[in-house]
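Lifted from TrEMBL, the feature list:
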DOMAIN    4-316  domain 'Adenosine deaminase'
BINDING   HIS9, HIS11, HIS189, ASP270  Zn(2+) binding site
ACT_SITE  GLU192  active site, proton donor
SITE      HIS213  site 'Important for catalytic activity'
BINDING   ASP271  substrate binding site
Amino acid sequence: MPLPKAELHLHVEGTLEPELAFELAARNGVKLPYADTDELREAYRFQDLQSFLDLYYELMAVLRTERDFEDLANAYLARAAAQGVRHAEIFFDPQAHTSRGVEMGTVVEGLWRSLGRSVENHGVSTRLIMCFLRDRSAESAMRTLEDARPHLGRIVGVGLDSAEVGHPPVKFREVYEAAAALGLRRVAHAGEEGPPEYIGQALDVLGVERVDHGLRCVEDPALVERLVRERVPLTLCPLSNVRLRTVDTLAAHPLPAMLDAGLMCTVNSDDPAYFGGYAGDNFDAVRTTLGLSEERLRELARNSFLASFLEDDEELRQRYLAEVEAYEFP
Ligand code: HPA
Ligand SMILES: [Zn+2]
């Protein structure tokens, strides 16, 4: 049995495996510019975040109907459950769909057809987080928030993703204020490729409760001290960092030093279909390559539940935490 864990940094569109992409392409009459799954996998050699994003948005063309989004989420939840994920807070990118004519309602209700039954079908509790694409305008993000109004019963919070450099958190101040006024929780990608200042901005200007990635905080000792003092959770994604060349090698990943510094780290998969592994694969990789002890792995799992948005079900959170403490490593 794998270590029980929560996944807090997972883009549902990034769980689109090549096999499912071709299946949905055939179902929807969409022509992909790749001959087969092998040729598509060949394209998974990324230089940086942007080269990944180009392929990630291109493949989304196969997602058109509620059933497509339902199938996508079900495939992820089955894989995640097999790797010990007990709770998943799942990102989606509405603008990547609405801008190509797929309605917000199709996306949210399609995902909900899966998430609404996930506890029964997969043994995984879930929450949904809507991300704004930071390389589009703040006005577009505000319209997206408006568009989501009829579906807010399904959505726990907002996030910020896509190309980071040149699109600082401050660009989205008003959107995050509006989201907060609607009672939405707030997270944002910061310090993946962008500078440490973006992490401080995400906290101070956007009022985020967790920082997605946050990796580049290690360049600023005063920021690290603050993140430790305020116990700000960081949702790290080690295999993603290797594939997008944010770190040179997994062996060079700063996770052990970050834990030693007292940072509240969690380990997640980001876009598992593209980056070589799901949540359990990321845990296995950091255990094997970085030599993390069983107590460090348990700490990562404990942090994931402590940092999750389970305030509306504290009993469930305590049950998960008890599972973590009782877990016996094989
Ligand atoms: O790793 C990521 N970074 C920014 N945007 C993203 N959208 C999907 N994955 C990512
Ligand atoms: Zn991400």
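Just so you know, glycine gets a Cβ as well, placed from its N, Cα and C.
Any TrEMBL annotation is an automated prediction that lacks curation.
Here the features listed in TrEMBL are painted onto the structure.
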residue : record                                  : DSSP (3 states)
HIS9    : Zn(2+) binding site                     : coil
HIS189  : Zn(2+) binding site                     : strand
HIS213  : site 'Important for catalytic activity' : strand
ASP270  : Zn(2+) binding site                     : strand
Shortest C-alpha distance to ASP271 (substrate binding site) - which of the recorded positions HIS9, HIS11, HIS189, GLU192, HIS213: HIS11
Spatial neighbours, same chain, of HIS11 (Zn(2+) binding site) - Cβ under 8 Å, 6+ residues apart: PHE91, PHE92, ASP93, CYS131, ASP161, ASP270, ASP271
Number of Cβ atoms other than its own within 10 Å, given for HIS189 (Zn(2+) binding site): 27
Cβ under 6 Å from ligand 2: qualifying recorded positions of GLU192, HIS213, ASP271: none
Neighbourhood of the residue listed as 'active site, proton donor' by C-beta distance under 8 A, where only residues 6 or more apart in the same chain count: LEU49, GLU164, ASP212, HIS213, LEU215, ARG216, ASN241, LEU244, THR246
Cβ-Cβ neighbours of HIS9 (Zn(2+) binding site) (radius 10 Å): 28
Contacting recorded positions for ligand 1, chosen from HIS9, HIS11, HIS213, ASP271 when the Cβ sits under 6 angstroms of any of its atoms: HIS11, ASP271
Additional residues around Zn(2+), ordered along the sequence, whose Cβ is within 8 Å of the centroid of HIS9, HIS11, HIS189, ASP270: LEU10, GLY14, PHE91, ASP161, ASP212, HIS213, THR235, CYS237, SER240, ASN268, ASP271
Other CB atoms, at most 10 A from the CB of HIS213 (site 'Important for catalytic activity'): 26
Fewest other C-beta atoms within 10 angstroms, as judged across ASP270, ASP271, which are the binding-site residues: ASP271
